[in-house]
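Student: I am attaching a structure below and will ask some questions about it afterwards.
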């Protein structure tokens, strides 16, 4: 029997699905600018195929670096911070070391150039002690006098650069110590019984308007203790740095060494090696100029090469900074070796007492010395009298 002619049995079943809730469109409404006519993005109905409803497709490509000619992009140089650029760092170093910091300025010649260096050292000691012991008015007066003296004595570009940096450092110290010394209020519990128990009226906090807290910034508070600590540190920093800079700018290293030797000479009777100390100080003051010159010349050499920092990686940039520091130390050690060889050629054998050191110092002006001593006495008298009248 041939079974190929027989038909296969089939069963047909009709199923009708009635949903309990109405079918909604799976849409994502996105309003326009006026928020009045919302539009539907990619409407998806049950009677449509996914290929027709999801025709638009957005492709996202994630890249870690910038592509270009098969090279790895330097993501550090593309940070939105312009101060992180290596070239900007080298330019700042070259400009900072370009101004004479702690160096003698021979011109223009001012009245401070003719003052005796021993009087200048006494002035330095006075300007260190007075701000720490005087009140706020005297401190601010000394700061203003030091700033005015810098403007009168130093060249314009020099005093602008120095005053800006010292003022920035002093301002940071004032804000930090002013808010940090007594900024967090202590959690104290009063031991005085309330007025309801003692049957005494509440007394005012102050009869003369005195207030310990001067300013309140959220959780921080600026008190009188913070004002005292911050002003003392800021004024001391400004006066010490700027007065030392003025002294070094108007006095040669030989004059400073001779003045310090005059003050330390009585210590030779108790065995203090004054000659070695003075020689070390003289060499240190002479060596400051060499250090600044080397830092400036090496940084300018790197800037003048016009290195394309955008194509360098982080390790390559760090390698350039390491070579920069290594080159500076190499040049400094070479200069130190040359100085030692020059001293040996001139007969120095390591004993300062047996080797004669000639201090070439110009003659001071008697009128300038007398005026400086009078000003010194006036400043000390004003600081002492302020403790009795300015309370």
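Every residue gets a Cβ built from N, Cα and C, even glycine.
What Swiss-Prot shows for this protein is this:
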- 1-63: transit peptide (TRANSIT)
- 134-154: transmembrane segment (TRANSMEM)
- 168-188: transmembrane segment (TRANSMEM)
- 229-249: transmembrane segment (TRANSMEM)
- 263-283: transmembrane segment (TRANSMEM)
- 370-390: transmembrane segment (TRANSMEM)
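A description of the local structural setting of each listed feature is requested, covering burial, neighbours and distances.
Tutor: Sequence-distant neighbours of the transmembrane segment (134-154) (same chain, 6+ residues past either end, Cβ-Cβ under 8 Å): 105, 110, 112, 127, 162-163, 227-228, 231-232, 235, 238-239, 242-243, 245-246, 249-250, 379, 382-383, 386-387, 390.
Long-range contacts of the transmembrane segment (229-249) within the same chain: residues 100-105, 112, 120-121, 123-124, 127-128, 131-132, 136, 139-140, 142-143, 146-147, 149-150, 153-154, 158, 162-163, 166-167, 169-171, 173-178, 181-182, 256, 285, each at least 6 residues beyond the stretch ends and with a Cβ under 8 Å from a Cβ of the stretch.
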